[in-house]
Amino acid sequence: QSEPIRVLVTGAAGQIAYSLLYSIGNGSVFGKDQPIILVLLDITPMMGVLDGVLMELQDCALPLLKDVIATDKEDVAFKDLDVAILVGSMPRRDGMERKDLLKANVKIFKSQGAALEKYAKKSVKVIVVGNPANTNCLTACKSAPSIPKENFSCLTRLDHNRAKAQIALKLGVTSDDVKNVIIWGNHSSTQYPDVSHAKVKLQGKEVGVYDALKDDSWLKGEFITTVQQRGAAVIKARKLSSAMSAAKAICDHVRDIWFGTPEGEFVSMGIISDGNPYGIPDDLLYSFPVTIKNKTWKVVEGLTINDFSREKMDLTAKELAEEKETAFEFLSSA
């Protein structure tokens with residue numbers, strides 16, 4: 001067996017973590033022969049709940065878990081990390097402006113970025129889940145200047161999976177038969193789910209999604225809004241936000257970073273936009289189609305962008321630029 005890796009999950013007493021921790025511990029993310037030291041961080045008032053989670057993880061009797069550490073202290077949580085999955089954030093409450101949400105989260109992610117800078121390995125892979133994920137990720141990245149920007153990513157895989165699933169449902173295939181959908185931009189209702197380069201396997205042949213569906217008005221209308229607003233629809237139905245599907249998406253995202261993407265396939269993740277080939281301004285944390293090899297992502301190049309896509313891609317970039325500006329005002333005063 002190899003040396004154990006140190007994996008941190010923040011917001012570890014919360015409901016996404018509750019769906020996530022078992023999958024990390026049973027080897028379905030980092031492989032069946034990779035021992036893990038699992039570090040669980042949450043805020044002090046949640047330590048009682050976290051103790052219960054700790055007990056359950058012990059009771060799962062998972063052979064790969066070499067140690068589980070539950071803490072409310074950043075200096076303990078961020079020490080020598082190989083992977084940091086930042087799930088915990090201040091959730092949006094009723095009557096809260098997006099600006100208030102940004103302000104609260106800038107504080108959290110500035111502090112966690114500084115803790116990564118001070119205590120974690122410089123090779124640490126940081127995955128931000130807590131919303132607003134893109135801007136939280138950018139804040140953490142800015143607060144950890146000696147960790148390469150490329151090591152930071154935020155989760156748009158849930159949106160990616162949602163888009164795949166909608167296409168699969170419409171065509172009566174499994175979502176495994178659909179590949180290369182793209183989520184551009186922000187993990188918000190301005191994100192652009194794009195299937196103009198997606199392929200679907202029908203009767204053993206790969207065809208473009210537009211050709212397979214022959215329903216452009218659905219693809220340019222209801223499909224996009226369904227994916228954009230899916231999170232809200234789940235909350236409305238379940239009275240709680242997506243936890244199981246979010247945890248599954250985190251596993252997909254991290255596993256792909258660790259083991260790479262399959263040949264001929266790309267996935268969506270929020271990454272630093274510097275030098276991208278699609279005319280998105282630099283210094284934003286923007287979701288692109290990527291391939292991953294040797295734990296390093298590369299933006300897929302050479303995709304043709306039509307006017308419909310261009311407009312949607314620019315709109316979500318504009319929202320991210322505005323969020324960044326607001327966050328950075330708070331950052332300089334925080």
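The backbone N, Cα and C atoms fix where each Cβ goes, glycine too.
Record features, source TrEMBL:
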ACT_SITE  His187  active site, proton acceptor
BINDING   Asp42, Asn105, Val129, Gly130, Asn131  NAD(+) binding site
BINDING   Arg92, Arg98, Asn131, Arg162  substrate binding site
DOMAIN    6-152  domain 'Lactate/malate dehydrogenase N-terminal'
DOMAIN    156-330  domain 'Lactate/malate dehydrogenase C-terminal'
Check the Cα distances from Arg92 (substrate binding site) to each of the recorded positions Asp42, Val129, Asn131, His187 and keep only the ones within 10 Å.
Asn131
Round to a whole number and give the Cα-to-Cα distance in Å for the pair Val129 (NAD(+) binding site) and Arg98 (substrate binding site).
17
Please name which of the binding-site residues listed here, Asp42, Arg98, Gly130, Asn131, Arg162, is nearest in space to His187 (active site, proton acceptor), Cα against Cα.
Asn131
At a 10 Å cut-off from the C-beta of Gly130 (NAD(+) binding site), count the other C-beta atoms across all protein chains.
25
Would you count the other C-beta atoms found within 10 angstroms of the C-beta of the residue listed as 'active site, proton acceptor' for me?
29
Sequence-ordered list of residues in the chain of Asn131 (NAD(+) binding site) that lie 6 or more positions away and have a Cβ within less than 8 Å of its Cβ, or none, is Ser89, Pro91, Arg92, Leu101, Asn105, His187
Looking only at the domain 'Lactate/malate dehydrogenase N-terminal' (6-152), what are its DSSP counts of helix, strand and coil residues?
66 helix, 27 strand, 54 coil
Round to a whole number and give the Cα-to-Cα distance in Å for the pair Gly130 (NAD(+) binding site) and Arg162 (substrate binding site).
18
Could you give the maximum C-alpha to C-alpha distance in Å for the residues Asp42, Asn105, Val129, Gly130, Asn131 that bind NAD(+) per the record?
16
Pop the Cα-Cα gap between Arg162 (substrate binding site) and Asp42 (NAD(+) binding site) into the table, whole Å please.
28
State, in Å as a whole number, the widest CA to CA span among the substrate-binding residues Arg92, Arg98, Asn131, Arg162 given in the record.
24
A 10 Å Cβ contact count, applied to the binding-site residues Arg92, Arg162: which residue has the minimum?
Arg92
For the domain 'Lactate/malate dehydrogenase N-terminal' (6-152), mean pLDDT (0 to 100)
96
Around the Cβ of Asn105 (NAD(+) binding site), how many other Cβ atoms lie within 10 Å? Please give the count over every shown protein chain.
23
